[in-house]
Amino acid sequence: MFVPWQLGTITRHRDELQKLLAASLLPEHPEESLGNPIMTQIHQSLQPSSPCRVCQLLFSLVRDSSTPMGFFEDYACLCFFCLYAPHCWTSTMAAAADLCEIMHLHFPEEEATYGLFGPGRLMGIDLQLHFFVQKCFKTTAAEKILGISNLQFLKSEFIRGMLTGTITCNFCFKTSWPRTDKEEATGPTPCCQITDTTTAPASGIPELARATFCGASRPTKPSLLPALIDIWSTSSELLDEPRPRLIASDMSELKSVVASHDPFFSPPLQADTSQGPCLMHPTLGLRYKNGTASVCLLCECLAAHPEAPKALQTLQCEVMGHIENNVKLVDRIAFVLDNPFAMPYVSDPLLRELIRGCTPQEIHKHLFCDPLCALNAKVVSEDVLFRLPREQEYKKLRASAAAGQLLDANTLFDCEVVQTLVFLFKGLQNARVGKTTSLDIIRELTAQLKRHRLDLAHPSQTSHLYA
């Protein structure tokens with residue numbers, strides 16, 4: 001029975017995924033982007049009037065009434081997993097592998113199955129838009145569709161700006177943004193489906209999902225970290241030595257994973273091998289600033305390892321309670337991680353040393369500053385992503401998901417307004433935006449973060465300080 005989010009699925013579809021990875025590298029020379037077919041297709045996918053390529057593919061396959069019910073259940077199950085996954089590179093990679101698996105299971109003779117990715121086919125941006133940005137699979141009330149479409153327009157506008165490096169001068173945030181500043185700031189937030197913490201279930205996920213995945217006795221799937229490390233170490237500078245906090249033994253452990261087999265992916269010659277397959281990442285680029293990178297390794301850990309969400313929560317509490325004095329957060333992080341026995345609550349040495357290998361600034365950004373990191377930490381469910389399901393309950397969950405009963409919202413946190421503002425904020429960091437527009441976005445984001453009880457450093461500081 002098909003279960004998403006498995007390392008074995010990624011390795012099994014290596015040949016197809018290599019095409020996707022090759023099409024997710026930036027051109028070697030930026031001036032070549034204008035006529036580059038990959039960049040042209042990505043730009044076209046981000047046009048508000050362009051159809052979703054994944055939706056088009058799926059509808060072309062299910063027109064036939066003989067489409068097996070198992071396809072709908074497998075696809076809905078993948079969508080359910082994506083609903084509880086962080087928006088990052090690893091999630092896009094896992095979704096791509098699972099889509100390959102579903103196609104090979106149910107349409108083995110279709111030509112599209114063996115040419116799923118690459119120019120003229122699906123690209124990383126198409127997977128991001130379908131599964132994580134627009135979430136085309138979500139069941140939505142008819143009266144909400146137009147409002148959500150307006151928010152999706154804003155998201156695609158700023159994602160396109162991150163690709164081109166600038167937001168159109170005609171864009172005006174005040175006239176494009178739905179007014180929320182006069183709404184009541186107390187009580188349940190009207191812009192999303194958050195439940196009160198006193199009435200929400202203990203685990204936060206739906207009851208059927210808890211019965212399917214939760215329980216200390218449930219075995220966990222293998223980590224996806226080896227694939228993440230392998231691919232990024234061979235195609236980018238993100239994991240280049242020396243990582244400031246990786247001592248020699250730690251680096252050798254990371255390299256032992258990478259060197260234990262042939263590289264999963266070897267980038268083509270005519271490509272930028274400093275930024276990796278960044279076109280599968282939300283920011284569509286790898287940029288550095290003040291000891292941080294736009295590709296957050298800690299967000300990748302959330303999607304790649306079952307221990308990561310709890311470990312990072314524990315680390316955050318440890319940093320806050322480490323010293324009673326008014327010591328800066330960056331210093332607190334450095335002091336906590338300076339202990340050679342730091343993070344004993346993480347059993348996997350690879351995860352522990354990857355986190356400890358991050359700079360204090362990277363950890364500060366993820367735990368206390370960046371809205372996208374905070375959103376990822378809020379929506380992720382390690383039980384859904386990494387617990388092996390109970391067979392009978394899993395059959396019920398698949399049927400329910402295929403009927404759309406579990407795809408209306410992420411019950412941990414689901415707010416289109418906040419998600420849209422977070423994308424706009426990332427656009428401020430990675431594209432040229434007018435000063436007035438930038439101030440208006442930060443003002444609205446700050447208010448929404450406060451209303452949703454997301455306690456972070458002020459976004460204006462983060463936008464100037466970190467990548």
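Cβ atoms are placed via backbone N, Cα and C, with glycine included.
As annotated by Swiss-Prot, region 'Zinc finger 1' applies to 52-136, with the evidence given as sequence analysis.
The feature Zn(2+) 1 binding site is assigned by Swiss-Prot to Cys52, Cys55, His130, Cys136. His130 (Zn(2+) 1 binding site): 23 other CB atoms within 10 A of its CB, across all protein chains. Following the DSSP three-state reduction, the secondary structure of His130 (Zn(2+) 1 binding site) is helix.
The region 'Zinc finger 3' annotation in Swiss-Prot covers 191-452 and is backed by sequence analysis.
The Zn(2+) 3 binding site annotation in Swiss-Prot covers Cys191, Cys192, Cys415, His452. The Cβ of Cys415 (Zn(2+) 3 binding site) has 23 neighbouring Cβ atoms from other residues within 10 Å, across all protein chains displayed.
Residues or ranges marked as region 'Zinc finger 2' in Swiss-Prot (evidence: sequence analysis): 296-373.
As annotated by Swiss-Prot, Zn(2+) 2 binding site applies to Cys296, Cys299, His366, Cys373, with the evidence given as sequence analysis. Sequence-distant neighbours of His366 (Zn(2+) 2 binding site) (same chain, 6+ residues apart, CB-CB distance under 8 A): Cys296, Leu298, Cys299, Leu312, Cys373.
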### Query
Quick one: what's DSSP say for His366 (Zn(2+) 2 binding site), helix, strand or coil?
helix
#### Entry: Length of the line joining the Cα atoms of Cys415 (Zn(2+) 3 binding site) and Cys136 (Zn(2+) 1 binding site), in Å
15
### Message
What whole-number Å value do you get for the CA-CA distance of His130 (Zn(2+) 1 binding site) and His452 (Zn(2+) 3 binding site)?
### Response
25
### Message
Helix, strand or coil by DSSP: which one applies to Cys299 (Zn(2+) 2 binding site)?
### Response
helix
### Query
Which numbers of helix, strand and coil residues does DSSP report for the region 'Zinc finger 1' (52-136)?
57 helix, 2 strand, 26 coil
### Position of peak Cβ density within 10 Å, selected from the binding-site residues Cys55, Cys136, Cys299
Cys299
### Query
Cα of His452 (Zn(2+) 3 binding site) to Cα of Cys136 (Zn(2+) 1 binding site): how many Å, rounded?
24
### Query
Which number gives the other C-beta atoms within 10 angstroms of the C-beta of Cys52 (Zn(2+) 1 binding site), all protein chains shown included?
15
